[in-house]
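If you look up Swiss-Prot, you'll see Asn80 marked as N-linked glycosylation site, on the strength of sequence analysis. Marked as topological domain 'Cytoplasmic' by Swiss-Prot on the basis of sequence analysis: 1-16, 104-116. The topological domain 'Extracellular' annotation in Swiss-Prot covers 42-82, 138-148. The transmembrane segment annotation in Swiss-Prot covers 17-41, 83-103, 117-137, 149-159, and the record cites sequence analysis as its basis.
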Amino acid sequence: VAICNPLLYTISMPKSLCMKLVAGSYLGGVLNSLTQTCCLLPLPFCGPNVINHYFCDTNPLLKLTCSDGRLNELLLVTFNGTISMTVLLIIVISYVYILVSILSIRSARGRHKAFSTCASHLLTVTLFYVPAGLSHMQPGSKYSLDMEKVTAVFYTLLV
């Protein structure tokens with residue numbers, strides 16, 4: 001809305017809708033975190049309880065359990081996959097609308113200006129979501145703590 005119809009932004013995005021979107025995002029994040037934490041807490045941990053990672057994340061913690069963590073891995077992939085795919089779908093749909101709006105601009109200079117503005121945003125979104133996706137969307141059989149540590153450093157440096 002902000003790019004396609006900038007003058008209509010305050011009408012089509014009232015403060016109440018923005019608040020609902022923020023509340024929904026926070027609620028989804030809390031629900032995901034609580035589910036992962038509640039499913040991880042009853043698992044027994046044995047041996048050296050030193051996490052070989054920079055962050056106390058779910059995947060490194062699952063590597064320390066003595067029991068079968070397949071249910072937790074399934075929950076992790078399901079929740080993170082659903083969240084990631086929903087966000088990706090929303091982003092792709094919004095970029096399609098933006099692309100259609102940009103292509104309807106008559107002047108070449110205006111199209112170039114709009115594309116250059118959107119290109120930096122697209123690069124930022126890509127640099128934000130690709131490392132997060134690589135870190136959280138690996139199935140347990142392909143999961144590598146070393147690869148996730150590299151991804152975590154890359155993500156931390158970018159963000």
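Every residue, even glycine, has its Cβ placed from backbone N, Cα and C.
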Cβ neighbour count (within 10 Å, all chains shown) around Asn80 (N-linked glycosylation site): 19
Rounded mean pLDDT for the residues that make up the topological domain 'Cytoplasmic' (104-116): 85
Helix, strand and coil counts within the topological domain 'Cytoplasmic' (104-116) (DSSP): 9 helix, 0 strand, 4 coil
